[in-house]
Amino acid sequence: MKDYEDTIAFLGQWGRFQAIVFFLLCASIVPNGMMTFSSVFLADIPSHHCLIPDVNLTQDWLSVVNGHEELSRCSRYRLDVVRNLSDRGLVPGRDINVTELEQEECLDGWSYSKDIYQSTIVSKFDLVCSDQWKQPFTSTVFLLGVLFGSFVSGQIADRFGRKPVIFATMAFQAIATIVQMFSNSLFFNSMFCILFFITGLGRVSSYVSAFVLGTEILTGKVCIMFSALGVCVGFAVGYMLLPLFAYFLRDWQSLLFGISLPCMAYLPLWWVIPESPRWLLSQGRVAEAEAVVKKAARINKINMPHVVFESYNSTKRHNIIHLLKTSNIRNITLIVCLLFTLRTGYYGLSLNTSQLHADPYISAFMSATIEIPAYICIWLALQYLKRQLTIIFFLFLGAMSLLLIQLVPESMTCLSWMAVALEMVGKFAVTAGSNFMYVYVAELFPTVLRNTTTGACSILSRAGSATAPFLFQLTVYFKFLPYIILGTLSVVSSLTVFFLPETFQVPLPQTIEEMTATKR
């Protein structure tokens, strides 16, 4: 498309029309922040122990089997043996050494604490002990839906338009979330997982379409602010609202209904948000594109000159194979792919928030709040700092904070907050670094490959993210193993950045030949 921004320059970069588009599209991202990390509360594991049915036992033996003396989540003393000893009048600890008694599985189910939650999907479907792997698996299913959505959302939006995809997937998410409330125990929570997959697919589709729509309508510095700050802050606001909703809606079904409300509330805005004029022109719908521009001029109270979209630039089509065309592009692509694995750390740290503090609501809010300064730092760094040094700084900061966590003495209660602070610094650095990479990649690759590269890297990051729910399960082998893995990955990634070209204040490459000429 020829000189599109010059053609609509009479609208200005910021007016009432641009403000409406900016804030409403940022608002469309808020439900994404709530949906993405809802499993922090939906799938949290309450305190629990084996359920003991009503049996005729003395108070001493009742205390033993209820776990008051030796709490066990996955086993209990054999009930028939305990009943026999109780009937004989023997006293535990005096007549019988209880540690030598034979144990059995929780044959009658589990009793779950309701101090924090009325219910979660863990207590609903008994995702504990031998079935505990299913608890992180639910988050993985959601992230697999996000991965699949990354494959198809761009193609669907290119075919049917940005606006229909945003609103269709919003409605899709709301319906799927409400139906999840009625999930029954079929293969633990198969219905829940299928719908969670659909919700993840809808989540990334609405996010990407809103992001693209904003970048195609907004121009200049406003477009940069939208893509580097507005969208990210909208996501963080949704993440911050999640613990508030979870605090007041403490059972999993009510929480699902609560987080579906923002999606439903957004649907009436169909009549306010416009379609992308750029996309309309790419489809040959010139009259509709001009109608959008005329409406924008009317809202901004600007006298519109004669606007005719009649000239186009035809470019040769490129595909993902061109990312491996030359040794220079191939090396840069491989390094960038490694850097995008940092999204595993972002999702791993975010999904682990319920374990940071005794109160999971405070933990989640802290984890969400720390993202706001991270996004502000990204926005400022993009305007004033060199790309290489910035990304290396974020990676080293994240690595050092995560690796130092294991050095904080567990026995000193006063230092427990130091471990939390180090993890928050790590979350800040990983959030800033992984999001900064999207802009760096856009500056590294030429126009003809920029969208392809971003899409390929996004798919790779989603694949890595799908493993994140299981990352902190490694604590059963060594408590600090997840932090060591993430810290080491950050160090290795920071070293590879030295081999990438600097792009600060360098014109964006337009062709593969221009990118091939760049050296490090």
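Backbone N, Cα and C define each Cβ position, glycine as well.
Quick look at what TrEMBL lists:
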type	residues	note
TRANSMEM	20-43	transmembrane segment
DOMAIN	81-505	domain 'Major facilitator superfamily (MFS) profile'
TRANSMEM	137-157	transmembrane segment
TRANSMEM	164-182	transmembrane segment
TRANSMEM	188-213	transmembrane segment
TRANSMEM	225-249	transmembrane segment
TRANSMEM	255-273	transmembrane segment
TRANSMEM	332-349	transmembrane segment
TRANSMEM	361-382	transmembrane segment
TRANSMEM	389-408	transmembrane segment
TRANSMEM	480-500	transmembrane segment
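On the 0 to 100 pLDDT scale, the domain 'Major facilitator superfamily (MFS) profile' (81-505) averages 80 in the predicted structure.
Within its own chain, the transmembrane segment (255-273) is flanked in space by residues 20-21, 24-25, 27-28, 30-31, 34-35, 38, 41-42, 163, 166-167, 170-171, 173-174, 177-178, 180-181, 213, 238, 242, 245-246, 248-249, which lie at least six positions past its ends and keep a Cβ under 8 Å from the stretch. Packing against the transmembrane segment (188-213) from elsewhere in the chain are residues 25, 28-29, 31-32, 35-36, 39, 121, 124-127, 131, 134, 137-138, 141-146, 148-150, 152-154, 156-157, 162-163, 165-166, 169-170, 172-173, 176-177, 179-180, 227, 231, 235, 273, 275-276, 462: each is 6 or more residues past its ends and has a CB under 8 Å from a CB in it. For the transmembrane segment (137-157), the list of distant contacts is 36, 39, 42-43, 121, 127, 165, 169, 189, 192-193, 196-205, 208-209, 212, 347, 351, 451, 455, 458-459, 462-463, 465-470: same-chain residues at least six beyond its ends, Cβ to Cβ under 8 Å.
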